[in-house]
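A short worksheet on the structure shown next.
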Ligand code: AHG
Ligand code: MN
Ligand code: MN
Ligand code: MN
């Protein structure tokens, strides 16, 4: 049986060869990060670094290692103009921007609080383009993403990618190559599984409380059926589960995080996941507007996130509209 590699898949697409080159370097970066994560204990890289990032989070050593590996590997791509990373406050310019050059947005290590307990983590990325020669604006809406994806470092390492239409999953083999194993990932419209950090219940707004209360009430409540709940504290793991078997994921704005606009970051967490979920047949919203229609105001801007199976996301939008 011949197997389709990531390279075969990209070469069979209509993507610009420079973009294919960049995506191959992103995949290489993900492989290197997977190795560094796997070998964290041997390389002395578990635990926290003595540093804080622009979001005020204490960085894990592997957050910094992963960021450096992404920078080093992706910088080999000649038309990559700039990097926007969770771990770096300012935009990193690699060249004088020319129209058509690429902009890479990434979360080098997502779910990094799970590192020391050996649970799934990943890397998230998206690519957009420089619009005009000399234009240093990187604050484009998610609708302008050319492609987006993530790598998940779980029982197996996978790369999940959308290059405009559809979502494809590739699994890494021991030789480090990614092979197409999940050619058409789709999010089922209906689901009975939700994911939210319920320790924040007392801070939630009414629409979120109502939704979760109704799920918890199960067949005795207005939904007249039972729901299951999961919370991995690793967005990559939650989104991967939703792309495999459906579900809805929420990290809403609440009374504690309202001033920052939520927890998750628009440009390298919410937008790439929104593109993947929409291209797999699901939906992604802040509760009031589509995530990919939010105009960014800063590279590290945060945004409320509700995404996954369409029927549940639509219900949540309806609950939000009623309250607003
Ligand atoms: P990161 O590790 O990149 O900072 O992201 C962590 C995010 C996301 O992966 C996850 O969904 C969420 O934070 C978990 O938040 P809580 O710890 O509040 O549950
Ligand atoms: Mn972080
Ligand atoms: Mn993250
Ligand atoms: Mn991160």
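Heads up, the Cβ atoms here are built off N, Cα and C, so glycines get one too.
According to TrEMBL, 107, 109 bind Mg(2+) 1; the candidate from 71, 86, 131 that the record adds to this site is 86. Site annotation for substrate in TrEMBL covers 110, 111, 112, 113, 263, and the matching candidate from 39, 50, 175, 197 is 197. Binding of Mg(2+) 2 is attributed by TrEMBL to 107, 110, and within the candidate set 238, 269, 278, 312 the record adds 269 to that site.
Per Cα geometry, 107 is the residue among the binding-site residues 107, 111, 197 nearest to residue 269 (Mg(2+) 2 binding site). Counting in whole angstrom, residue 110 (Mg(2+) 2 binding site) lies 16 from residue 197 (substrate binding site) by their C-alpha atoms. Within 8 Å of the centroid of the Cβ atoms of 86, 107, 109, where the record puts Mg(2+) 1, the same chain has further Cβ atoms from 63, 66, 67, 85, 87, 106, 108, 110, 112, 123, 124, 268, 269. In sequence order, 231, 233, 251 are the residues near residue 197 (substrate binding site), counting only same-chain partners six or more apart with C-beta under 8 A. In this structure, residue 109 (Mg(2+) 1 binding site) is part of a beta strand by DSSP. If you compare every pair of Cα atoms in 110, 111, 112, 113, 197, 263, the residues listed for substrate, the longest distance is 16 angstrom.
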